[in-house]
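Below: one structure, written as structure tokens.
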Amino acid sequence: MSASIVIHWFRQDLRLSDNPALSAACDAGEVIPLYVLNDKEYGARELGGATKNWLHYSLKALNESLNEQLLIMRGDPAVIINSLIQETGAAGVFWNRCYEPWRVEHDAQLKSDLEENGVTAKSFNGSLLWEPWQVGKPDGSPYKVFTPFYRKGCLQAQEPRKPLPVPGQLRIHPLNTEGALSIDELNLLEERPWSAQVSSHWEHGEKAAQNRLYAFFEDGLSDYKDGRNFPALTHTSRLSPHLHFGEISPNQIWRALGSHEETRDIDHFRSELGWREFSYSLLFNNPTLPKSNLNEKFDNFPWLSDDQRLFAWQKGQTGIPIVDAGMRELWQTGYMHNRLRMIVGSFLVKNLLLDWRLGEEWFWDCLVDADLANNSASWQWIAGCGADAAPYFRIFNPILQGEKFDAHGDYTRRFLPELKDLPDKYLFKPWEAPKDILQSACVTLGENYPLPIVDLKKSRDEALRAFEEMK
Ligand code: FAD
């Protein structure tokens, strides 16, 4: 390409290192680093509140690493890119691929329009280890079961490429474009009760992501396979928001693991990255995944419509301590440990009999790692209607889950201070505690902590009956 000005369009790749599109743009000429906030970019659904919160800080970090020269615009990316081309004579546009159905469609159209107008348009893989079309069964169809997808598909395919360094020659094309905004002008930090509280739990940006990875290697990776089930421990990486926003690439993580001796913990951690790949493959091959049951039999499931139940679940006021602890962790920190995501998800669909899509929407709004592929695939998995899903009749017992995975109650007490003085024996079922024990722990059920909103056994039986009827 002879031209010297090109656009790099940042999306879910908010980093400089191992950014294949950015590296190619730098090789091609002077770069206009562009970020476009398209409020409706997730289709009809708005960006979640916690997503906006994270995005604000992530853009700040990226802008800083670009010497405050990130060009920020708001609107339809295709319109903005075309007008920038008119203004600057840019001869190329570079981006890393995204896999949300509307983005796949939008990008294909943009690419063909640009090429028709003689502008080079190049897209790259910047956020997956293997793109959905690289992993398929021998007959070309997509895998529907995780283990063969990962073991036969991914691990037998080409090894993920080596991460790229930060481009050595990043020449930024100076620009004073009309319509350029500051990050603050995007108004991403909404007036939400939790906004400041959520961000105080995180460090954002590429450097923070790298620090998180190496801190996890030090403190969490050894014993990951077992330890990842215990929410009070630090055996999970908490890399998910960094991965979602592309502050770190899965390649960087995968290859960094290679510098350690292979252990069962490393194998298991790699396979969790494999689940992320599986979710993306499911979404790519089933664009209606966020809205429609993969297993159509569930279209007839008699979900209840009960706002009171939903509200109690959202606010962590169900009277089932381990569920409430998980929901409050989400509300306070923008994150929830995976074990808790499974427990609260199972409780919503199998004890409260509420549609998994209600849970998916709440998570979408509250999670800093809200990710269309992972969130919708995981909710379908927990509801029993997804690919390779937990069967509907396997219902988590929240009392046993608490007793097993938070035996000393460290996690539950952290988020339910009103129960902190209850002995372990009753922490997960305070309604069974004798009066004097409740009294000495200053717990008055129905006053400072709710009575259970459903009977666990009865609601479980109702769910199983509904499931039988659906079949
Ligand atoms: P680690 O255990 O350290 O795992 C490392 C990485 O592997 C994660 O960052 C993540 O990218 C990937 N990963 C781990 N477990 C899974 C999984 N089960 N499925 C897919 N990828 C996985 N994850 C999201 O990133 N965004 C979501 O919106 C999301 N919604 C979920 C909703 C429900 C109901 C459930 C049950 C799970 C959901 N997950 C989601 C998957 C999982 O809970 C999180 O990825 C994980 O808890 C993130 O914490 P971590 O980074 O410490 O994970």
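Cβ coordinates are placed from backbone N, Cα and C, and glycine is handled just like the others.
Keep in mind that TrEMBL annotations are predicted by a computer and have not been checked by a curator.
Matching PHE269, PHE278, PHE405 to the FAD binding residues that TrEMBL gives (TYR224, THR236, SER237, ARG238, LEU239, SER240, ASP369, ALA370, ASP371) identifies PHE269. Set side by side, the recorded positions TYR224, PHE269, TRP303 differ in how many other CB atoms lie within 10 angstroms of their CB, and the most is found at PHE269. Nearest to PHE269 (FAD binding site) in space, judged by Cα atoms and limited to the recorded sites TRP303, TRP356, TRP379, is TRP379. Take the Cα of TRP379 (site 'Electron transfer via tryptophanyl radical') and measure to each of the recorded positions TYR224, SER237, LEU239, TRP303, TRP356: the nearest one is TRP356. Other C-beta atoms found within 10 angstroms of the C-beta of ALA370 (FAD binding site) number 23, with every protein chain shown included. Among TYR224, THR236, SER237, ARG238, LEU239, SER240, PHE269, ASP369, ALA370, ASP371, the residues given in the record as binding FAD, the maximal Cα to Cα distance rounds to 23 Å.
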